[in-house]
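So Swiss-Prot lists the following for this protein:
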type: DISULFID; residues: 17-118; note: disulfide bond
type: DISULFID; residues: 20-121; note: disulfide bond
type: DISULFID; residues: 105-128; note: disulfide bond
type: DISULFID; residues: 109-134; note: disulfide bond
type: SIGNAL; residues: 1-16; note: signal peptide
type: TOPO_DOM; residues: 17-145; note: topological domain 'Extracellular'
type: TOPO_DOM; residues: 167-176; note: topological domain 'Cytoplasmic'
type: TRANSMEM; residues: 146-166; note: transmembrane segment
């Protein structure tokens, strides 16, 4: 009975972006087989990954698929799925946001890029993120120009003031 329910979970999980690319790896099928072999570990397999909040470019999707392939290969060799929930969590909290940022920020993104929705595997053309969102602590070119001009102006003013003080000092000295 639980195998039937487990099959439904894998059909839903098959739409996650981890399973969108590189069909030769057959990740969803391998994951289903691995979990069906480990009947006692039903709890670890039952947790379906939720990647609906993410969209990745093709290169990032291939990286995630390759990484998942390697993780599943280790689990198949060890015949253990206990680390599967922590892998899904790490992927969702660490790698997918990192890959999304890489795909939408310079230098990888120039103007627009095609991202694939992680819940539907459908590609959509999207605009790149603004530089301030990609690099929140950095300044854009206009702000850098203003900063440089301000510093230049301050040094110029200090130079003129220094010249005036020195000139008055020399006039006072020659007048004595």
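Numbering starts at 1 and runs along the chain as it is shown here.
Keep in mind that glycine also has a Cβ here, set from the backbone N, Cα and C atoms.
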Near residue 128 (disulfide bond), which of the disulfide-bonded residues 17, 20, 118, 121 can be found within 10 Å, Cα to Cα?
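Taking 17, 20, 118, 121 one by one, none has a Cα falling within 10 Å of residue 128 (disulfide bond).
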Between the Cα atoms of residue 17 (disulfide bond) and residue 121 (disulfide bond), find the distance and write it as a whole number of Å.
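So the Cα of residue 121 (disulfide bond) lies 6 Å away from that of residue 17 (disulfide bond).
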Relative to the Cα of residue 20 (disulfide bond), which of the disulfide-bonded residues 105, 118, 134 has the closest Cα?
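When the Cα distances are compared, 118 comes out closest.
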Same chain only, sequence gap of 6 or more: which residues have a CB within under 8 Å of the CB of residue 109 (disulfide bond)?
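Counting only residues 6 or more apart in sequence, the Cβ neighbours of residue 109 (disulfide bond) under 8 Å are 103, 128, 129.
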Run through the Cβ atoms and count how many others sit within 10 Å of the one on residue 105 (disulfide bond).
16
Of the disulfide-bonded residues listed here (118, 121, 134), which is spatially closest to residue 105 (disulfide bond) when Cα positions are compared?
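Nearest in space to residue 105 (disulfide bond), counting only the disulfide-bonded residues, is 134.
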